[in-house]
């Protein structure tokens with residue numbers, strides 16, 4: 001068997017997430033269906049580096065899978081890209097070592113989150129940016145977001161009931177940019193890993209700080225007390241994008 005690594009992008013609107021689940025359309029299942037056709041009807045299991053939720057998009061999701069024999073990687077990429085549904089794009093395919101695992105190999109991830117703060121909102125972007133209808137002081141967000149950078153226990157920013165025991169993660173980039181032309185906020189977070197719904201919970205908290213309903217020092221308190229109840233609401237998944245995954249050599 002030969003192992004292949006692929007970078008894919010997808011529009012998450014019509015998917016119930018990346019991971020295969022019964023009675024639901026998922027990214028994993030769509031790609032596996034194509035690979036079965038390319039593998040003479042034999043089953044193929046696709047592994048993903050990130051398990052994006054329903055409605056979440058990706059520019060740079062990484063997957064791996066095994067096929068019998070060696071294939072021309074560009075022909076394989078073309079076949080996967082053209083025979084998989086139009087809301088999935090196969091950006092690249094390469095052959096990798098048999099022990100490579102896209103999820104467990106050491107890597108960093110970058111997420112983007114788009115917030116529509118236009119008045120009126122842009123209805124064409126309703127599936128691709130989260131609309132925020134309330135006033136915001138962007139200087140408060142810019143001040144508070146810096147408290148997320150560094151190595152912290154992010155228990156207060158993960159979904160309750162998560163089975164992950166070690167909730168310490170390192171965030172290397174936490175920034176917000178205002179796109180004045182589109183009237184969008186673009187949040188960017190890079191780090192060595194993110195907990196379940198962590199990015200969406202951080203954005204929900206930052207928006208509440210920007211609206212003046214939480215103090216600017218609230219993030220420091222959440223990190224110190226590890227209390228999800230101190231954080232803001234979970235932002236909707238439609239604004240979230242898995243932008244890039246970089247593996248260490």
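Placed from the backbone N, Cα and C atoms, the Cβ positions cover glycine too.
Database features, via Swiss-Prot:
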ACT_SITE  53  active site, nucleophile
BINDING   111  substrate binding site
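A C-beta separation below 8 Å, combined with a sequence spacing of at least six in one chain, links residue 53 (active site, nucleophile) to 17, 197, 237, 240. Counting only same-chain residues at least 6 apart in sequence, those with a Cβ under 8 Å from the Cβ of residue 111 (substrate binding site) are 188, 189, 190, 194, 199, 240, 241, 242, 243.
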